[in-house]
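Participant: Here it is: the structure, laid out below.
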Amino acid sequence: MSLMAASSPSLPIVVLPYPLILLPSAKVSIPVTKEQARFIISLLQDNQDASSQTVLGAVPILKSPTDDPKALFQLNRWGCAARVTRLVRPSALQPSQPFLVSLQGLSRFQLVEPLLVSHEDISGPIQYMNIEYPLNEMKQTPTKETVIEFKQAALRVLERLSRDAGSNASRKDGWRRLADLVENIDNGSTAASLADVLVAVINGEHADRIDYLSSPTPEERIVKATILFTKQATISEVSKKIESAVSESLSKQQKEYFLRQQLSAIQKELSSLHRSDGAKGVTSELDDDEQSDQDDMADLKKKIEAMREGSEERKMGTREWRRLKRIPQGSVENGVIRSYLEWLTSIPWPSSSLPLESIEAMKTRAYLINARAQLDSDHFGLEKIKRRLIEYLAVVRLKYLGAAAAAQSTSSTNEPSSSNPPRIINKAPILLFVGPPGVGKTSLGQSVAKALNRPFQRISLGGVRDEAEIRGHRRTYVASGPGAIVQALRKAGRPDPVLLLDEIDKVGHGSNHGDPAAALLEVLDPEQNHSFNDHYINVPIDLSQVLFICTSNTLDTISAPLLDRCEVIQLSGYTFTEKLHIAKRFLMPKQLSANGLREDQVILTDEAMEWVATRYTREAGVRSLERAIGGVVRAKAVEWAEFTDNASDNATTSQSTEGQGVKLLSDLTVTPTPNNWNPIVRKEDLEGILGIARYDGEERDREEKRGVVWGLVVMGMGEGAIMPVETIAVPGSGNLKLTGSLGDVIRESAELALSWVKTHAYVLHVTNAPGQDPLKTPDPIDVHLHLPAGAQKKDGPSAGIAMVCAFTSLLTGATVPTNIAMTGEVTLRGRVTPVGGIKEKVLGAHRARATKLILPYANQKDVELDVPKEVKAEMEFVFVKTIEEGLKAAFGRQLHWRKPGRVVESRL
Ligand SMILES: Nc1ncnc2c1ncn2[C@@H]1O[C@H](COP(=O)(O)OP(=O)(O)OP(=O)(O)O)[C@@H](O)[C@H]1O
């Protein structure tokens, strides 16, 4: 430090430690060295006698000093002259502590020269410096506006401070008193001195306060103080907000944490109580929650670690695992993440578990023979379908073997092929079994899985309206979970199961919950399904190794793109003979084992079995037949139970009478002999067991009536049947009335049929002159046509021939025998054109005991190829090309035709 010039006023200067600043009217205590303290004491002693004060100059440092002992720091040019109010020595116990000197700020001064000091100067002896006091300070009074602004800013900051003081009443009081003083400011000079007081007590930034100290004029100071207060009020507001937000969240977490701690302590206490109650060492793994929790977590971790390195699923697993560790145990979020991880790790990811079993099955030479044997052992008949399935399995195998060869040629030599088998890219067609209920569609799928040695899972799509049922809900949903595909994969436990998509025709289309059919498209498309996206799992899942088989009752409601991806296999239903075989070889043994009986305990005679098949059931499949057989077997099981009870009672009584004491019932092994148990169920017994037969052989309900003809139909479930076409004439004006939920095509076909009959009315002897309208002469009538089962929608052109016959019968009075049923589309030219579903219709008619069928000539091939021999043998088929031929086959001699020469030609 340089010494002062003798002419100007001077003050002994102390450097305020950073970041202290002393303002006039404020107080500060600073540490001083022993040497400096001695100097101050000498000053105090010098002034003891005189009434003058001991004054020092306190000057702040501009910037935070570094630790470097040689570094120089700039002192502020402005400082504050201060009265020494106190000097405190260190206590005798801690002599190393510094002295403390308390200073009371008096007025600003400016150092004549700027000063640089080192650490050594600061702690060195106190020296005098030349200073200047600002001149005429009090004369420059601030303007009114500045004072008003200053007052407002000061009051705002004081109010905030008093609010922040919370429950500290004395502090609050202090701020209020200051606010009162500010309120009472009436001139610029009081404002300036109050500004010093306020800036001294309000925490501001060091630079701002230095700047304030260095302002010589009151006006300047008030303006700067106003800015400082405004800034401070804003900072305080923001920091208060942050503070309260932080403390709120903290307190919530802490609260939860404490509650959970308490809960676990209570649980521990309770479990120890239980343990000491049931002291006899009966502990259950269910008791130790904490242990099982730890085990679960360890298990989860292991599973994530077992996932393929670098795979998407592993990355997701790791990410979620880290999140899980951060979230307090037992919280809702924790549970959500845990169950997600459990799902993620339980999916059989293609690379994590390799389907060795199915590979072994495919490698064996007898693979196809075994598959055929499997299909035969599960299903009777279905020759064509089994052949097609064997083709399918052969293709799957060839594809695998091809892929295996390709993989082997490219694989590295150090990897044995069995430990890393090739991935099968499943581009085999997706099979779609179509047919009526109970014909074995689902069970065929099961057989395919068994033949391939793969797990089988069934996904029922009936009534699925929401895309999320297939794809899962996003995790943001409450109680969300994965969709049916992922659930089935998890249950299967392998990446290559056979998944049966059951009732694909009943899946809902486009709703406000997405389109489930569209989700299925992605699942079934081999081009897309290697990265199937389940919304819940949110990691692409490879479904290319899954074999999909679909089932449906009808093709009508399946969307075209979905149908396009499938190869359709029709199952039309069984004949009575087939049903009998199925019943004997499959259904009976199945029901016996389901009811805990042996084969020799229930024997249905052939006649009784046939009776069940023909009189109690009439469906295309065998489900009701199985149910009926189940009913018989159950009735026999009850009889058997009663029989064994009686036998054991007798045994007990006879033993006790022999004087050997009464034995426990369980000690007795009662084996009733075949002599006294009757296992036979005869035709006559059925009524007592199953009730009255629903169908009788004669079909008495089918009355031969004018205007009624039996048509052949395929019902909504894909089942063939016969259905009456009923017509009556009512007084009217020559109109046609149609009822029975008829679609447009069937309505048009009815109009066409009536037109044909009208044109041929004269030839058929309905009218007496050509050109007369049979509905207007002799009396005007309306014709009403009805197809029963009105609740069921009907459409299609195949009832054309039956309608022509019905109108002809109505108008001529000739009737069609009830053993005759017919199908065929008609044209205006009088042609009978082919229709679909012949096999189903023929089988349906056979079940309904129709014996003569009139069919379009062009469908002859279908009958020859598709209809079983035994049905053909029992039925008469008339194949017709024209309506005349059809009418002749239906009515025979009953219908009279005018001679050809007088026929009005209807042909174009
Ligand atoms: N040819 C057959 N041989 C042996 N059993 C059969 C045959 N066809 C069907 N079954 C038996 O009939 C029962 C019903 O079959 P399944 O459940 O497969 O019918 P489905 O065609 O899938 O019917 P739905 O359309 O109603 O689902 C099963 O117990 C099945 O084993």
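Quick reminder: no glycine exception, Cβ is built from N, Cα and C everywhere.
From TrEMBL, here are the annotated features:
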ACT_SITE  Ser798  active site
ACT_SITE  Lys841  active site
BINDING   Gly435, Pro436, Pro437, Gly438, Val439, Gly440, Lys441, Thr442  ATP binding site
COMPBIAS  285-295  compositional bias 'Acidic residues'
DOMAIN    11-233  domain 'Lon N-terminal'
DOMAIN    703-893  domain 'Lon proteolytic'
REGION    274-295  region 'Disordered'
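So where do these features actually land, and what's packed around them?
Facilitator: A 10 Å cutoff on Cβ-Cβ distances gives Ser798 (active site) a total of 27 other Cβ atoms nearby, all chains included.
Taking a C-beta cut-off of under 8 angstroms and a sequence separation of 6 or more, Lys841 (active site) has the following same-chain neighbours: Leu712, Val713, Val714, Gly720, Thr823.
Around Pro436 (ATP binding site), the C-beta neighbours below 8 angstroms that are at least 6 residues distant in the chain are Asn553, Leu571, Ser572, Gly573, Glu619, Ala620, Gly621, Met715, Met717, Gly718, Glu719, Gly720, Glu840. Annotation note: Pro436 (ATP binding site) sits in a coil segment as assigned by DSSP.
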Participant: For ATP, what surrounds Gly435, Pro436, Pro437, Gly438, Val439, Gly440, Lys441, Thr442 with a Cβ no more than 8 Å from their Cβ centroid?
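Facilitator: Near the ATP site, the remaining chain residues are Phe433, Thr551, Asn553, Leu571, Ala620, Gly621, Arg623.
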Participant: Of Pro436, Gly440, Ser798, Lys841, which recorded positions come close to ligand 1, meaning Cβ under 6 Å from one of its atoms?
Facilitator: Gly440
Participant: Cα of Gly438 (ATP binding site) to Cα of Ser798 (active site): how many Å, rounded?
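Facilitator: With the alpha carbons as reference points, the distance is 26 Å.
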Participant: List the same-chain residues at least 6 positions away in sequence whose Cβ sits under 8 Å from the Cβ of Val439 (ATP binding site), in sequence order, or say none.
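Facilitator: Result: Leu571, Ser572, Gly573, Tyr574, Ala620, Gly621, Val622.
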Participant: Take the Cβ of Pro437 (ATP binding site) and count every other Cβ within 10 Å, whichever protein chain it belongs to.
Facilitator: 18
Participant: Find the one among the binding-site residues Gly435, Gly440, Lys441, Thr442 whose C-alpha lies closest to that of Ser798 (active site).
Facilitator: Gly435
Participant: Which has the fewest other Cβ atoms within 10 Å: Gly438, Lys441, Thr442, the binding-site residues listed?
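Facilitator: Each of the binding-site residues Gly438, Lys441, Thr442 was scored by Cβ atoms within 10 Å; lowest is Thr442.
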